[in-house]
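Undergrad: This structure is in structure tokens; I'll ask about it shortly.
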Amino acid sequence: MSKLSKTTRLRVLKVTADQHHWEDDEIVTEYPLTIFLNDEEFATVVCTPADLDEMVIGFLAAEGAIQSFGEIRQITIDEAKGLAYVDLHKETILSQSFYSKRRITSCCGKSRQSFYFFSDARTAKPASGTTTVTSAQCTRLMDELQASSVIHQQTGGVHNAALCTPDQVLLQYSDIGRHNALDKIYGKCLRDNISTADKILVFSGRLSSEVLLKAAKIGAGIILSKSAPTDLALQLAEELQITAVGFIRQNKMNVYTHPERIILP
């Protein structure tokens, strides 16, 4: 159990059109975690300090550094220093570009020199799931995701992601980084051997190309979002056979790709 706090309480000046006052407010914690892979510095991820093991596992898998949880011998996290040490059962054979000591920011994900990394081609596979969901279930899952995120209600400063069946939320994570929330789902599924092909991803943020690639790597065939997609994300969704649904608000939504998985009213 982590001893780190996900929020901090600060005195802030609240200002409205005709008055102002001081009060205590909850501010989300921003925590840099540097990951070492077999004693080599791999990356620094800026995240919410919770569920760090899951995030590290999911991040390494999404980057192509591991193919399964079984490749990991041990994960040791030094919370006080912000360091995660991952020992693999075998030596890594990654190219030097993998060890570029990238800093992954809390707002924009990885800063990539090109859109595709080698890891994307290795780990992003077309969806094979045949799960279907009604439009009403899409709305209910999105509402449940938003309502159950305590840290979002406290601070308004995190993204939320959940792995679901059509009828219920199975896993849910919050993080200041939208990619981190998805990595935590991925890591949990890998560690606990949870099937993902028949599941649905529900996500609070924009459907960017990188978010779509995360969904493909996780293996879900449907991704639901309350926000807008990008054109490149939809191109990827079409190619990767993922049903992308956005703008899920007040019983309305846009189905952008592979609508055959959505049961229409």
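Positions of Cβ are set from backbone N, Cα and C atoms, glycine also.
Owing to the predicted nature of the structure, the values given are computational and were not obtained by experimental measurement.
Sequence annotations record features per position, and here TrEMBL assigns active site, cysteine persulfide intermediate to CYS108. Per TrEMBL, Mo-bis(molybdopterin guanine dinucleotide) binding site is recorded for PHE247, ILE248, ARG249, GLN250, ASN251, LYS252.
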Undergrad: Name the residues of the same chain, 6+ apart in sequence, whose Cβ is under 8 Å from the Cβ of GLN250 (Mo-bis(molybdopterin guanine dinucleotide) binding site)?
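TA: The list for GLN250 (Mo-bis(molybdopterin guanine dinucleotide) binding site) reads THR139, given in order along the sequence.
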Undergrad: Report the residues of the chain - excluding PHE247, ILE248, ARG249, GLN250, ASN251, LYS252 - with C-beta within 8 Å of the mean position of the site's C-beta atoms, for the recorded Mo-bis(molybdopterin guanine dinucleotide) site, in sequence order.
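TA: Nearby residues not in the site list: THR139, LYS226, MET253.
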Undergrad: State which of the following binding-site residues has the fewest other Cβ atoms within 10 Å around its Cβ: ARG249, LYS252.
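TA: Each of the binding-site residues ARG249, LYS252 was scored by Cβ atoms within 10 Å; lowest is LYS252.
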Undergrad: Name, in the order they occur in the sequence, the residues of the same chain whose CB lies under 8 A from the CB of ASN251 (Mo-bis(molybdopterin guanine dinucleotide) binding site) and which sit 6 or more residues away.
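TA: Sequence-distant Cβ neighbours: SER135, ALA136, THR139.
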Undergrad: Under DSSP, is GLN250 (Mo-bis(molybdopterin guanine dinucleotide) binding site) helix, strand or coil?
TA: coil
Undergrad: Among all protein chains shown, how many Cβ atoms are found within 10 Å of the Cβ of PHE247 (Mo-bis(molybdopterin guanine dinucleotide) binding site), not counting that one?
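TA: Counting Cβ neighbours of PHE247 (Mo-bis(molybdopterin guanine dinucleotide) binding site) within 10 Å gives 16.
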Undergrad: Validating a neighbour-count step here. Other CB atoms within 10 A of the CB of ILE248 (Mo-bis(molybdopterin guanine dinucleotide) binding site): how many?
TA: 23
